[in-house]
Structure formats: structure tokens, C-alpha cells
Amino acid sequence: MTAPRRIDTMRNHYERVITFCCFLFVLINIGFPSTSFNVYQPYVVELVGDTAGSMILAARTLVSMVAVMFVDRWYSLLNCRVGIFLGTLCTMAGFIVYGFAHSFVMFLVGAMISGLGYALGGMVGATLLTNRWYRSGIGNALGINAVGSGVAGIVVPLLAVPVIHDVSLSAAFFGEAAFAGCGALVILALLRNYPADMGLEPYSDEGENVANPRPSHHTGMGASLTKTERFLLVMAMLFVGVVAVGSPAYISVLYNGEGFNPHFVAMLLSFVGVSLTAGKYLSGRLMDTLGTYRSSRILFGFSIIGLLTCCMAPLGLKALALLSVVFYGFGLTLGSVGISIWSIEMADPKNYARSVKNFQVAYSAGGFVANLFPGVLCDIFGTYVVSYGIFLVLAVAASVIVLSTYVRHRSVPA
């Protein structure tokens, strides 16, 4: 294929470039400050102490939660392309500050700046852009977007640890800052807000089977939701946030506290990362193939079974522990792909961006809440099993709210 033909093909399928850009800024703005940051936490704690280390994470979470409340206005004031570019620069700036940090205050400042990047250049932007550029295949595209943060969680520790030990902690931070800066320039160069900006139409699968078309995510059901249903859905997103953020954060201390071998626990963490990353991609394809309702039932089922088996950790069964992390790791994709698809299908058509934002705000609030009670409950009861029991109850409650809403507003086969 000649170069002009390749360029023409890329232009005619520019939605693929948009998906790559979304993958890239999710990797940088969510993967760097959040998903992969646990590799740095032991070194940060060594410098500033346990309490200060927890406060640094809480500060990032709090800033990102507040910033998400205004992200729809941010994109309206600028546009997605410029807004995400500036958000990515915030992540870069945060890691530059981390690189110079040797005190609690400096790490706190870095966390707050990177928290802005998480909010202003994260999944809200990816959801808005994907919905603009795709008429079909939305779930698959969102799954690819969300895989970005999972890739960061796998790759960054492999690259950062040798740099930390062979060079310095600062060098690892500066390396991520440099990557974020290059990524920001790529995003600015390639990202476009609407297909119409290039004289194109949103992608539609022309080869789709007419007799058995794939389920559409543009359902219009959001127009028929009542205020009570919208409130309950926001609460469900908060519950999903508690589960999706809280359960992986405490999995190592859960199994360590129940007497499992530390090396086995480390292997469990690897299984969680692989299961979550694979699940993000597969869940998107699942939602495109089976529809959101059926797919949500499956993913909630995985999550609930996984959390239930986590509650059985005191039994000391390694096979059950492996089963638990694989199941709930796959189910955790509800916190990324699931929320994005639900927000598209259940958004108020009169204020689409605000509806998407509200779901993400609730999810972020749930993530903040998830870090408030597990340590306290462990001090009281001597185990993290109680917290996982709470995660299980919240997962069941979220599934009831979401699935019952689909049953009331859509004609779906059982």
C-alpha cells in the first residue's frame, strides 16, 4: 500500500486515531497517578512516614473528585482536545514536582496537581469523545480506552523499580513526566473534537448483520428516567466506586492478615492486574455483542462471586484465593467500561455532558469513601474480612439498582 493510500485510509478511519489518543491519555492521566502509583508508595512512605503517605493519596483523590465536578464546564469553556491536553500537562507537572520532592509538603503538592490531571484528562473525556466518533462498536472502543490504565499498572512497575534502584526515585518520576509531556504533544497533534471537524461521519459498522444487528448503546432511555431513578443510579455509581477502588487496594493486607504466604499474595496481585486489564477489553466487546443489560448481569455476577470468595479468606484455601482475584478482577471493569456505557445510555439528552460527569463524580466519591473505613474496621475487628463483607453488600445493592432500571425501561430478554 502506497503512503498516500495509507494516509487516506487513516483519515477515513480516524476513529481509530481517536481511540489511540483516548488510550494514551487514560494511560497517562489515570494509569500514572493512580493505577501504577502503588509501586512508588513504599519509597514515599520511607521518606515521609505511613500517615503522611496515606494523606498524599487522600489529597490526590480529593482533588480529583472536586475537579470532576467541574469537568463538563472545563470542556465547554475550552473543548475536549485542549482540555485533555492541559489535563495531561497537569499530570506531567505533578510528576516533575514528585521528582524534586523530599518532604511531605512537596509530595502533597505533586499529588494535588496530578489529581487535576486525573480529573481533567480522564474517563469523562474518553467517554464524550467515543460517543461522538462511534455509532456502533462503542463498548469495544471504551474497553480499549480503559485498558490504558491497566497497561500502566503492569508496565510501570517493571520499568520504574530498576530505575529507582539503579539511579534514583527522582529519575523514575522524571521519566514518567517526560513520557507525559510527549504524550500531551501527541494528543494535541492528533486529537479532534468531532468527526465533522474533518468532514467525516461517526463510525458505523457497515458490515453489520442486518438480520441480527448488534445492540445499540444510543438507547435514548435517559429521557424517561425519573428524578428518583437518577438519584438511585448516582448512588449505585458511588457503591461501584467504593467496590472498584477499595477492594483491590486492600487485597494484599486481607490475605497477608489471614496468614497467606507473602510470595503467594504477590502472585495474587499479579493475577488481579492481568484479570482487570483483560477484563477491560473483553467487557467492552461483550457489551457490544450481548448488550449492556446482559453484560452487566455477567460482570456483576463475577464481581459478587469474587467478593464472596474474598470473604472466605479465613479458610486459608489457595485455590479459592486465586478464584476470588480472577473473578473480582474481571468484575472490577464495571468501574471503568461499565460506568462509561451506563452514562451514555442513561444520560439526560438535554444535558449529556453533565450526566456523564455526575456518574464519574459519584464514582470518585465512592473511591474517596473506600479509603476511610477499612483500616478503622480492621483495628476494631482485627481483620479486613468485615470490609470485604461491606464491599459485597454494596456490589449487590448496585447490581439491583442498575439492572432493575434496565428492566423497567428497556425490552430485554431474560
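Cβ coordinates come from backbone N, Cα and C, glycine included.
Not measured: the values here are computed from a predicted model.
Taken from TrEMBL as is:
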{"type": "DOMAIN", "residues": "225-414", "note": "domain 'Major facilitator superfamily (MFS) profile'"}
{"type": "TRANSMEM", "residues": "14-32", "note": "transmembrane segment"}
{"type": "TRANSMEM", "residues": "52-71", "note": "transmembrane segment"}
{"type": "TRANSMEM", "residues": "83-101", "note": "transmembrane segment"}
{"type": "TRANSMEM", "residues": "107-130", "note": "transmembrane segment"}
{"type": "TRANSMEM", "residues": "142-165", "note": "transmembrane segment"}
{"type": "TRANSMEM", "residues": "171-191", "note": "transmembrane segment"}
{"type": "TRANSMEM", "residues": "231-251", "note": "transmembrane segment"}
{"type": "TRANSMEM", "residues": "263-283", "note": "transmembrane segment"}
{"type": "TRANSMEM", "residues": "295-315", "note": "transmembrane segment"}
{"type": "TRANSMEM", "residues": "321-342", "note": "transmembrane segment"}
{"type": "TRANSMEM", "residues": "362-382", "note": "transmembrane segment"}
{"type": "TRANSMEM", "residues": "388-407", "note": "transmembrane segment"}
Feature contact check the transmembrane segment (107-130) with the transmembrane segment (295-315), CB under 8 Å, 3 or more pairs: no
Stretch of maximal Cβ-Cβ contact with the transmembrane segment (362-382) [cut-off: under 8 Å; candidates 14-32, 83-101, 231-251, 263-283, 321-342]: 231-251
The transmembrane segment (14-32) and the transmembrane segment (83-101) contact flag, 3+ Cβ pairs under 8 angstroms: yes
